[in-house]
């Protein structure tokens, strides 16, 4: 940690460059998580279903291992295995001009976008916070929020496999003297869950519809565990504001049907990340404005 401090103060350009390059690699791994984790969960649910109804349905043979490490990544169209040279974050996509080397099928621009976004957000964290354990924790939180955002956008799902470790990680970090006292973190986790849970049931009783999912409750609880209960109002306010802006924009662009649900997780993630870095400044500005 002392080396990081010396590097940040003596050679800030090198420090930020290392953060950028390392986070590009993290972004590449996040692409794997975003793509594979929902598939892994679906396979697990299907296996559980078959185990419950084994006497009624035939058991398919599926010996293929599938997790974050295996099988090796390949083109979904021609099964061309992706080599190490073709898997360099950001650069490989540019070098291949966004096409598979085997069949020339287009490779989604989402892959380099996730890598670049992860790297840029990480550099902002490094530039905003003083190098230390708090910065490393903020980077970890940022990376998990990126993965949750894109999974929710794709599948309308916030997996427990990410939200629950994030919640317990926030409590553990604050137990060790992190951002807020442990008591504030515990209250933040409880209040974060209960606030959205209450809104969910109030909305359902009034309209008969579900306004959000339980994953949203757990994500706000996790943010409360990291940032404390004091950050919850600003997180809720910012997430509602960001959600309104994106929702209105999609409707105006006619790129979204009003009956189609919009995931709330990405807006919570964006608001939580903003509150992590600038929550105190926003609160002070707001209070000084109205008082």
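A Cβ is built for glycine as well, from the same backbone N, Cα and C atoms used for every other residue.
For the ranges 81-101, 186-206, the feature annotated in Swiss-Prot as transmembrane segment maps to 186-206.
Each of 14-34, 131-151, 162-182, 232-252 was scored by its Cβ pairs under 8 Å to the transmembrane segment (262-282), and the highest score goes to 232-252. Tertiary proximity for the transmembrane segment (131-151) is limited to same-chain residues at least six positions away from its ends with a CB under 8 Å from its CB atoms, namely 1, 4-5, 7-8, 15, 19, 23, 26-27, 30, 33-34, 37-38, 110, 114, 117-118, 121-122, 125, 157-159, 162-163, 166, 169-170, 173, 178-179, 219, 226, 265-266, 269-270, 272-273, 276-277.
Nonlocal intrachain contacts for the transmembrane segment (14-34), taken as residues 6+ away from its ends with a CB within less than 8 angstroms of a stretch CB, comprise 4, 7-8, 68, 73, 87, 89-90, 110-111, 114-123, 126-127, 131, 139, 143, 146-147, 150-151, 154. Note on the transmembrane segment (186-206): residues 167, 170-171, 180, 212, 216-218, 220-232, 236 of its chain, located 6 or more positions outside it, place their CB under 8 angstroms from a CB of the stretch. What surrounds the Zn(2+) site, by Cβ distance within 8 Å of the Cβ centroid and not counting 75, 78, 100, 103, is the set 76, 77, 79, 80, 101, 102, 104, 105 from the same chain. Same-chain residues lying 6+ beyond the ends of the transmembrane segment (232-252) with a Cβ under 8 Å from its Cβ atoms: 188, 191-192, 195, 220, 223-224, 258, 262, 264, 267-268, 270-272, 274-275, 279, 282-283.
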